[in-house]
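K.L.:
I'd like to ask you about the structure that follows.
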Amino acid sequence: MAKFVFVTGGVVSSIGKGIVAASLGRLLKSRGYSVSILKLDPYLNVDPGTMSPFQHGEVFVTEDGAETDLDLGHYERFTDTAMSRLNSVTTGSIYQAVINKERRGDYNGGTVQVIPHITGEIRERIHRVAANSGADVVITEIGGTVGDIESLPFLEAIREFRGDVGRNDLAYIHVTLLPFIGTSGELKTKPTQHSVKELRAIGIQPDVLVCRSDRPINEDLKSKIGGFCGVPNRAVITALDADSIYAVPISLEEEGLCLEMLDVLNLTDHDSDMKSWVELVHKLRNPGPAVKVALVGKYVQLNDAYLSVVEALRHACLTQDASLELSWVCAEQIETHGPENLLKGMDAVVVPGGFGNRGVDGKVAAIRWAREQRVPFLGLCLGMQCAVIEWARNQAGLTGASSSELEPDTNHPVIHLLPEQQDVVDLGGTMRLGVYPCRIAPDTLAQKLYGEQVVYERHRHRYEFNNSYRNLFIESGYTISGSSPDGRLVELIELKGHPFFTACQYHPEFLSRPGKPHPLFRGLIEAAQLRLPASPDEALRRQSQTNISAQEQPSRIG
């Protein structure tokens with residue numbers, strides 16, 4: 001039978017509940033326990049798929065095609081475990097399910113209320129994750145802050161959950177903030193006390209307090225917090241501000257979070273294997289030479305809009321012993337100031353996904369600059385579509401070529417709507433979503449990077465390369481290096497003779513993991529490193545490779 005952990009937050013929003021949940025998952029998995037993590041979001045949207053990235057950050061896509069909160073990306077990256085649509089629950093989806101049941105008559109004419117019907121549906125979703133995943137421990141993060149009206153049904157549901165499984169099979173973690181007041185020179189505990197008081201009023205007594213702080217918390221302060229909040233001193237965990245989110249599991253392990261959880265849940269403490277994670281953090285703190293990467297996007301004012309892309313770049317840099325020097329470049333600024341002014345000195349360019357025509361001309365200009373200047377380039381989703389448009393306009397002779405999404409009346413719709421999307425009216429959850437196979441063409445950069453004939457990648461799009469232009473693109477020098485198994489959909493393109501120029505219709509960033517970077521991102525960083533001044537050892541290695549390559553070439557004499 002599964003054990004259950006519930007993570008709540010108090011005092012302020014964005015306090016790091018998701019990272020705490022993901023870190024605990026990592027620590028449990030390091031001891032041999034299987035873990036699944038779900039997020040309960042208190043907003044009324046059914047899912048974040050139709051929300052602006054400025055409102056919500058990126059939309060993370062699961063294997064089964066759910067559009068979810070970005071925290072699910074943290075869960076997957078930290079635990080190296082795939083989540084599903086069951087792991088993302090919103091107030092909107094709960095109410096939708098309950099109302100649908102009422103319309104079908106499932107409640108036999110009864111009055112439908114928040115308690116027990118809404119809270120019962122929430123509890124059912126948590127049980128469903130446990131049954132579907134078969135995990136030893138199910139961790140549930142409750143979005144929002146204790147005291148918010150929107151979160152009350154979720155908090156009531158996790159209070160009721162204690163009656164479902166018994167007190168020995170669940171634990172409550174409350175993440176809170178200890179603010180430092182400079183004038184008094186003290187960390188203040190009163191906000192934490194009041195936050196726990198709010199929880200107790202609902203009927204939840206936390207087992208562990210994870211206290212965010214920018215400085216160490218001494219034992220006297222832990223004793224004070226524990227006494228006022230009703231938890232043992234050892235269960236008051238310091239969560240110091242970290243230089244990287246990947247350092248948080250190590251910090252929480254040193255503070256004893258996992259041991260306390262195992263004790264509360266009556267689980268055996270096995271030997272912990274965090275060696276690879278410790279090595280990863282050591283690399284983060286002792287990076288190699290910096291690689292300058294420009295991320296050219298529409299939503300660069302909010303970094304979370306491209307969270308998985310940035311993490312994938314970091315993973316690749318870690319493996320390649322490089323540090324990431326990321327430049328956030330607004331695509332619209334390129335339209336005004338030109339790519340040569342904003343991208344000069346970059347070692348690589350990434351154009352990620354997005355929607356709408358704002359900034360597209362800037363992305364197209366950035367791609368042309370990377371192509372002509374022979375700067376390594378990686379395009380993702382809309383980034384691939386922009387690469388196709390750039391080639392059509394500047395190399396294939398298709399003046400005015402565009403996407404039918406951006407310019408419905410274009411004479412050359414090199415990107416067009418997928419046939420199965422023709423009659424789709426609703427926006428939410430109706431795109432080509434989730435994992436699909438991609439067949440890799442032999443003797444291509446993609447085949448070299450992947451080392452596989454067929455790969456499986458996550459998608460989120462409505463528009464695709466227009467096969468009416470396929471032969472023209474191939475004849476003009478484009479290489480289609482990946483397509484759907486039936487050959488109908490172009491999934492991956494590249495340019496031969498360029499140091500690194502490739503773009504994909506899918507989202508490889510969702511599959512990148514610390515210590516296991518995605519092949520496309522690793523290839524990009526490896527190509528970018530070749531632009532850096534070589535150390536003496538590296539210069540010898542490159543010369544050796546050049547000599548070997550020369551020896552392998554057939555002789556032109558005789």
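Along the chain as shown, residues are numbered 1 onward.
Glycine is treated like the rest: Cβ placed from N, Cα and C.
What Swiss-Prot shows for this protein is this:
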ACT_SITE  CYS381  active site, nucleophile
BINDING   SER13, LYS188, THR189, LYS190, PRO191, THR192, GLN193, LYS224  UTP binding site
BINDING   SER13, ASP148, ILE149, GLU150, LYS188, THR189, LYS190, PRO191, THR192, GLN193, LYS224  CTP binding site
BINDING   SER14, ILE15, GLY16, LYS17, GLY18, ILE19, ASP71  ATP binding site
BINDING   ASP71, GLU141  Mg(2+) binding site
BINDING   GLY354, LEU382, GLY383, MET384, GLN385, GLU405, ARG462  L-glutamine binding site
COMPBIAS  542-558  compositional bias 'Polar residues'
REGION    536-558  region 'Disordered'
K.L.:
Which one is it, among the binding-site residues LYS224, MET384, GLN385, that lies nearest to ILE15 (ATP binding site) by Cα separation?
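P.N.:
Out of the listed candidates, the nearest Cα belongs to LYS224.
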K.L.:
What's the most sparsely packed of the binding-site residues LYS17, LYS188, LYS190, LYS224, ARG462, counting other C-beta atoms within 10 A?
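P.N.:
Least crowded of the binding-site residues LYS17, LYS188, LYS190, LYS224, ARG462, by Cβ count within 10 Å, is LYS190.
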K.L.:
Which residues, same chain and not among SER14, ILE15, GLY16, LYS17, GLY18, ILE19, ASP71, have a CB within 8 angstroms of the centroid of the CB atoms at the recorded ATP site?
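P.N.:
Other same-chain residues near the ATP site: GLY9, VAL20, ALA21, GLU141, VAL175.
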K.L.:
What number of additional C-beta atoms lies within 10 angstroms of the C-beta atom of GLU405 (L-glutamine binding site)?
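P.N.:
Here the count is 19.
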K.L.:
Work out the three-state DSSP category of the residue listed as 'active site, nucleophile'.
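P.N.:
The three-state answer is coil.
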K.L.:
At the Cα level, what's the spacing in Å between LEU382 (L-glutamine binding site) and GLY18 (ATP binding site), rounded?
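P.N.:
About 28 Å separates the two Cα atoms.
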K.L.:
Do you know offhand how many angstrom separate MET384 (L-glutamine binding site) and ASP71 (ATP binding site) by C-alpha?
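P.N.:
One finds 26 Å between the Cα atoms of these residues.
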K.L.:
Of SER13, GLN193, GLN385, which of the binding-site residues has the most Cβ neighbours inside 10 Å?
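P.N.:
When each Cβ's neighbours within 10 Å are tallied, GLN385 leads.
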K.L.:
DSSP three-state call for LYS17 (ATP binding site): helix, strand or coil?
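P.N.:
Once the DSSP labels are grouped into three classes, LYS17 (ATP binding site) ends up as helix.
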K.L.:
To the nearest whole angstrom, state the Cα distance for the pair GLU405 (L-glutamine binding site) and SER13 (UTP binding site).
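P.N.:
About 37 Å separate the Cα atoms of these two residues.
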K.L.:
Cβ within 8 Å of the L-glutamine site centroid (GLY354, LEU382, GLY383, MET384, GLN385, GLU405, ARG462 excluded): which residues?
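P.N.:
Along the chain, the qualifying residues are GLY353, PHE355, CYS381, CYS386, SER403, ILE415, HIS461, TYR463, GLN505.
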K.L.:
Taking only same-chain residues 6+ apart in sequence, whose CB is under 8 Å from that of CYS381 (active site, nucleophile), what do you get?
P.N.:
PRO352, GLY353, GLY354, ARG460, HIS461, CYS504, GLN505, TYR506, HIS507
K.L.:
Within 10 Å of the Cβ of ILE19 (ATP binding site), how many other Cβ atoms can you find? Include all protein chains, please.
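P.N.:
Total other Cβ atoms inside 10 Å, all chains included: 21.
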K.L.:
Under a criterion of Cβ-Cβ distance under 8 Å and sequence separation of at least 6, what residues of the same chain contact GLY383 (L-glutamine binding site)?
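P.N.:
VAL350, VAL351, PRO352, GLY353, LYS363, ILE367, ALA503 - these are the non-local Cβ neighbours of GLY383 (L-glutamine binding site), listed in sequence order.
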K.L.:
Among GLY16, ASP71, ILE149, GLN385, these being the binding-site residues, pick the one whose CA is nearest to that of THR192 (UTP binding site).
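P.N.:
Closest candidate to THR192 (UTP binding site), judged by Cα separation, is GLY16.
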